[in-house]
Amino acid sequence: MFSLRPTALVSLSVVLFSIQETLSEQQPFVSPGWSDQWWHKSELESYTFPWPIQKVAIIGAGPSGLAAYHELDKAGYDVYLFERDTVPGGNWHYTDETPVKEPIPNADVSIGDFVPSLPPEGVRLPYEEHYEGNVSDELLRAHRGPKPIWNSLQTNAPPPLQQFRDHPWPADQPWLLPHAVLGKYIRAFASFNGINSNDVENPHISYNTRVELVEKCFTSTENGPMRTGWTLTLKQVSRTGTNTSKAVWTKENFDAVVVATGRFNAPYIPNILGLKAWADRFPDRIVHSRQFRRPQLYTNQTVLVVGAAASGVEIATDIAPNARAVYLSIRPRRISNSNSAGNPLSSRWMGRLPHNVSVVPEIKRFLPPTSAIALSSVELTNGTILTGIESIIFATGFRYTFPFLPQFHNTSLTNHDLEHKPKPIVTDGTHLRNLFLDILSIEEPTLGFMCMNIEIQNFKYAEYIAVALSKIWGNKATIPPVTRLWELNERRVMEKGGYGKYFQFLGFRGEREMIRLFTGWLNDAAASHGGRQVR
């Protein structure tokens, strides 16, 4: 998703390939492991929603959440947008403030992003609490969740690949954009739709508001409780003075919910032998890459960067001019002749690393810490012992997590365990399960998800998902009945070789095939039921 200045060199061929793929003539549609045009069959046998869908909650005001709001609002839904941060933008809202430091070892994935904060049991809502001093500051920071981008970060794709279709960039934009420019573009799109944080006249937007819990909603009837949607528990935190703040909890009911919280919320740090002892002994010297902001912090230090995906390579490159030396620890399989964006350390790129960046093997263990981190030792898988390390940055990625959906987490399951009801969406955090097209819960098709795939152009892909959700929930596009959805899901798992880290991976070709699927399905639906077509 992210990239620094060197990407202008190392990803040019990848981006050119993407543009070529986008502009090329459409090939005959090939289903990417889902089915043989299931939508033709679903006209006679389709899922029926148990209640009409009109009022929709969107969780998250990043690019995908804004795209969802734009489409659903245009389609006539009663849409509400909730964002924990102060402004829209998602991961493209940069601040010097860093997130709350992650625990080592990792927290359980179900609370990997945050621990839900619920009002005391039995209190009447709305319920308020007031805070002051350091408690207030830390509450605000934890509540809004500063994003994992750094000061010098630039986009890894040109503007035409990172834009909303109805709001193209001017033609004279540079090839790569500073994060601040893209952030302004996203906020401008929000303003155009009347959903920026300063659009105070819009009662349907709530910034500084975190969704703490999403649970089933029931209505009392003569025949007993009847399921009618979802109840959201909301917590809005606002500053009331220089060092004071207040939190207000409320609840609200919705017919459907869109999860647009992204994939970069719960940091992952591998559980390497001896690491916990180092983290306990040197807590300020071992961080996840989401804490990184400026390279000057590492001036004249010897730094160990762990991870060879985009963030690891580019953080190592960014700090190299300031650092004494940088070690980049990678798994051997990460060096290849591939030009894939999934292999940032291809052999063609190795020579472009700064002279003081040394690529080293994977870490085997951290030897028992001594009185100072620089006097302590790290053993690599090839037997090499590193000493003199003064800081460690784990650029080892993130895990899927939705703390507000505890009923859809089951971290006790492995990739090979059989599932039991309720079927989880999140297990170990490396992938998502039991979603149709990765956009709808199979058990609860009024629960939608935006842009949860890996290696996609989020702006473009989000618009197809938003149209799909709009048409499905408005009965202008059909999906198969739940039994058929489970059959398709089982086929997909089998074709993918089981669950795992790359279960949601699409890449350029996979994204192109999915867009063809959306186009064929949704345009067939438009011909049958009316509504706009997609292209």
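Cβ coordinates are placed from backbone N, Cα and C, and glycine is handled just like the others.
As written in Swiss-Prot, here are the features:
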- Gly60, Ala61, Gly62, Pro63, Ser64, Gly65: FAD binding site (BINDING)
- Gly307, Ala308, Ala309, Ala310, Ser311, Gly312: NADP(+) binding site (BINDING)
- Asn134: N-linked glycosylation site (CARBOHYD)
- Asn243: N-linked glycosylation site (CARBOHYD)
- Asn300: N-linked glycosylation site (CARBOHYD)
- Asn356: N-linked glycosylation site (CARBOHYD)
- Asn382: N-linked glycosylation site (CARBOHYD)
- Asn410: N-linked glycosylation site (CARBOHYD)
- 1-24: signal peptide (SIGNAL)
For Ala61 (FAD binding site), write down the residues of its own chain that are at least 6 apart in sequence and whose Cβ falls under 8 Å from its Cβ; none is a fine answer.
Tyr69, Leu81, Phe82, Glu83, Asp85, Pro88, Gly89, Gly90, Ala190, Ile195, Ile205, Tyr207, Ala260
Where Ser64 (FAD binding site) sits in the secondary structure, as DSSP reduces it to three classes:
helix
Number of Cβ atoms other than its own within 10 Å, given for Asn243 (N-linked glycosylation site):
13
Beyond the site residues Gly60, Ala61, Gly62, Pro63, Ser64, Gly65: chain residues whose C-beta lies within 8 Å of the centroid, for FAD:
Ile58, Leu66, Ala67, Ala68, Glu83, Pro88, Gly90, Ala260, Thr261, Gly262, Met450, Ala462
Which one is it: of the binding-site residues Pro63, Gly312, which Cβ has the fewest other Cβ atoms within 10 Å in this structure?
Gly312
Long-range same-chain neighbours of Asn356 (N-linked glycosylation site), Cβ under 8 Å, sequence gap at least 6?
Ala320, Ala323, Arg324, Ala325, Val326
Work through the binding-site residues one by one (Gly60, Gly307, Ala310, Ser311) and name whichever has its CA nearest to the CA of Asn134 (N-linked glycosylation site).
Gly60
What three-state secondary structure does DSSP assign to Ala308 (NADP(+) binding site)?
coil
Pop the Cα-Cα gap between Asn243 (N-linked glycosylation site) and Ala310 (NADP(+) binding site) into the table, whole Å please.
38
For Asn243 (N-linked glycosylation site), which of the three DSSP-derived states applies: helix, strand, or coil?
coil
Taking just the CA atoms, what is the gap between Pro63 (FAD binding site) and Asn300 (N-linked glycosylation site) in Å?
38
Three-state secondary structure, which DSSP defines for Asn134 (N-linked glycosylation site):
helix
Identify which of the binding-site residues Ala308, Ala309, Ala310 has its Cβ surrounded by the largest number of other Cβ atoms within 10 Å, counting every protein chain shown.
Ala308
Going by C-alpha positions, which of the recorded positions (Asn243, Ala308, Ala309, Asn382) is nearest Gly65 (FAD binding site)?
Ala309
Note down the number of other Cβ atoms within 10 Å of the Cβ of Asn382 (N-linked glycosylation site), including every protein chain shown.
10
Which of Asn134, Asn300, Ser311 (the recorded positions) has the most other Cβ atoms within 10 Å?
Ser311
